Amino acid sequence: RFVPGANLFGYGNGTAKGGAPGARVAAYKVCWRPVNGSECFDADIIAAFDAAIHDGVDVLSVSLGGAPTDYFRDGVAIGSFHAVRNGVTVVTSAGNSGPGAGTVSNTAPWLVTVGASTMDREFPAYLVLGNKKRIKGQSLSPVPLPANKHYRLISSVEAKAEDATVAQAQLCMEGSLDKKKARGKIVVCMRGKNARVEKGEAVHRAGGVGLVLANDEATGNEMIADAHVLPATHITYSDGVALLAYMNSTRLASGYITLPNTALETKPAPFMAAFSSQGPNTVTPQILKVRPAFLSQDWPCRP
């Protein structure tokens, strides 16, 4: 259905709809509380495919998958084979294990396998440095900084707690930051391992007033707008390198994070997300699966 007035904290306000607004939707639950570390068992997956066939569905959207494996040992491949034989189109996720080659799951030739890509809408939030340079990032944080002034910028390693490792502090793991060092400052954290919003929570609990989340080399130029618990912006790897150079050039690095806004019809779009799994197909290499022409981190600047 069409849903007017859809937004998140006022950002992206408009009419929301699905890909087929007039369709009737049925949902089949196949993942449950973990049992010996596993949540989605083949028996439940195949049972859901059987139920969908019996119900007469036309299209199955399966946001589910694991490591690529032989089709005779893959519940999604087995269940979807029977669905396709009964005239059901099955669309599956490629996975979020990119950007390495050969990470794509759901490789069976009877499946439509879809990678993750962006849309032509952004939520820019700028980091304004003490040298007046502006770095464009992304955010959905509805929280403004307390005042329109600059705050001290420090790396999360500088704010490391005594009982934390450098690696933990660099990633802003929970409890890795010293409250005396982080209090009142904008803390720069590295992306990776723990959840992006968890890093903001760690900075917030340590008394930091803002978060700059910088990509590592692997995640390149991909920026994701997250609803952080404090003023924040997510910047590219190349901009993170430039930010580090600025911070190393002065003893009193400072900055300010602007509130995000909604930007429409941004270009280029779409482009592949850095986390999207990609081919080649490691089970049947002669069947192409998710071979994007470019990845976001291949671009010399922010796409």
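Heads up, the Cβ atoms here are built off N, Cα and C, so glycines get one too.
Here is what TrEMBL says about this protein:
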{"type": "DOMAIN", "residues": "14-282", "note": "domain 'Peptidase S8/S53'"}
{"type": "DOMAIN", "residues": "169-243", "note": "domain 'PA'"}
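The helix, strand and coil residue counts that DSSP assigns across the domain 'PA' (169-243) are 23 helix, 15 strand, 37 coil. Here the domain 'PA' (169-243) has a mean pLDDT of 95 out of 100.
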